[in-house]
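Quick look at what Swiss-Prot lists:
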BINDING   176, 180, 181, 182  (6S)-5,6,7,8-tetrahydrofolate binding site
SITE      288  site 'Plays an important role in substrate specificity'
MOD_RES   289  N6-(pyridoxal phosphate)lysine
């Protein structure tokens with residue numbers, strides 16, 4: 001069989017269009033298809049799948065071929081526990097150089113005083129953040145007060161007493177239904193809730209916005225050690241100067257989780273008091289989502305946390321992933337370009353266009369609109385559960401995710417809303433005109449879903465009905481859009497057999 005690479009090289013021969021990234025990508029697929037056919041075919045099928053849907057899950061995006069290629073190499077074979085130039089293993093000088101460059105790039109991009117690029121995910125970054133705060137603000141002062149040098153010097157009885165004491169310190173963060181994340185401690189099954197006494201704050205049910213006066217009142221009453229700000233499903237911006245003042249007034253550390261909007265900070269969309277870096281003590285993020293990097297985490301912090309972050313291993317990590325750190329460095333460098341800044345601004349413009357067209361179609365949005373990359377549609381008035389809406393949109397080629405809303409009576413599994421985002425479609429090059437078309441398609445589908453009832457007359461958790469005429473029209477309109485804005489256009493799907 002003629003290889004993908006052979007076909008590609010023949011096609012571009014003499015056209016001056018050769019892409020080294022495409023050559024490398026196709027060579028890798030060729031090898032896998034030949035040597036490990038089932039794995040190679042699954043990768044090809046995933047590419048086809050991603051090219052056949054409008055990806056509107058707010059936490060997803062498309063990384064560049066450069067980012068992907070940086071992960072596929074022998075760096076994965078190297079153990080490098082520790083921090084740059086201070087490892088628990090020998091022969092790490094090349095990994096040191098890569099990680100150091102990644103750290104310095106992160107600090108320059110965000111204007112941060114210190115950075116740790118080792119976390120494998122956003123959840124790991126959040127765990128490192130809370131462990132760093134506990135170590136810095138609770139554990140170390142307690143050990144010193146007891147007259148010991150390190151926690152390892154404590155006798156067993158005093159160590160157990162200190163552990164019990166640490167779990168009583170308070171953490172105040174956004175609840176899950178108000179747009180917070182599982183790792184913000186307000187969900188008891190998550191490990192974060194077991195490290196501290198975690199308390200929630202909620203959005204105002206009338207405005208669906210965070211009320212800083214209410215947050216300040218709760219903080220003053222409970223005097224938490226940590227105040228968490230950030231979101232995974234909240235469509236407005238936050239004022240970090242105000243949140244910093246609330247934290248200072250109650251003696252709390254301000255930790256900001258900017259996993260969803262890090263790309264908007266890097267791209268210069270969130271500036272001034274909307275940029276958390278100058279105000280927060282610790283900032284965490286993923287490196288995918290709006291940053292368009294590999295799946296991974298990143299922690300940025302004030303200088304006083306630098307030593308603790310450099311001890312991520314053994315604090316809560318073992319060996320980092322040097323191949324992913326290399327890809328993070330590539331993504332962070334891409335985020336420093338003018339093109340990325342244009343991209344970040346277009347992400348928000350596209351979200352606002354979606355919101356405007358949805359509202360013209362009579363759909364209700366939480367908070368009445370959006371100031372960032374996402375929006376949440378309240379489906380209550382349509383009588384359509386979020387899970388059914390998710391399924392029906394998936395069936396016509398639009399990927400979204402069901403999402404709970406404040407005081408959601410339907411629970412976390414069924415939900416009363418759906419969350420949508422524009423990062424991935426913007427990466428494909430779509431603009432406001434395309435967003436109008438997308439919004440009109442979605443609105444028409446949502447308004448024509450019939451909910452199938454069970455024998456007792458209650459709404460089904462998994463089934464909805466959409467007429468074939470509406471479904472076919474939606475699929476064709478989606479296909480037309482995807483045909484004009486293909487994912488990785490340099491990769492010819494016709495050769496992927």
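Including glycine, each Cβ sits where the backbone N, Cα and C put it.
Note: the CA-CA distance between the residue listed as 'N6-(pyridoxal phosphate)lysine' and residue 182 ((6S)-5,6,7,8-tetrahydrofolate binding site) rounds to 17 Å.
Rounded to a whole value, the Cα-Cα separation of residue 176 ((6S)-5,6,7,8-tetrahydrofolate binding site) and residue 288 (site 'Plays an important role in substrate specificity') is 21 Å. In the three-state DSSP assignment, the secondary structure recorded for residue 180 ((6S)-5,6,7,8-tetrahydrofolate binding site) is coil. Within its own chain, residue 182 ((6S)-5,6,7,8-tetrahydrofolate binding site) has 123, 176, 190 as residues 6 or more apart in sequence whose C-beta sits under 8 angstroms from its own. For the pair formed by residue 288 (site 'Plays an important role in substrate specificity') and residue 181 ((6S)-5,6,7,8-tetrahydrofolate binding site), distance between Cα atoms is given as 16 Å, rounded to the nearest Å. The DSSP secondary structure for the residue listed as 'N6-(pyridoxal phosphate)lysine' is helix. If you take the C-beta of residue 181 ((6S)-5,6,7,8-tetrahydrofolate binding site) and look for same-chain residues 6 or more apart in sequence within under 8 angstroms, you find 126, 230, 231, 232, 257, 259.
Within 10 Å of the Cβ of residue 180 ((6S)-5,6,7,8-tetrahydrofolate binding site) there are 26 other Cβ atoms, across all protein chains. Sitting within 8 Å of the Cβ centre of 176, 180, 181, 182, and not among those site residues for (6S)-5,6,7,8-tetrahydrofolate, are the Cβ atoms of 174, 175, 179, 183, 184, 186, 187, 190, 232. A simple way to gauge crowding: the CB of residue 288 (site 'Plays an important role in substrate specificity') has 26 other CB atoms within 10 angstroms, across all the protein chains here.
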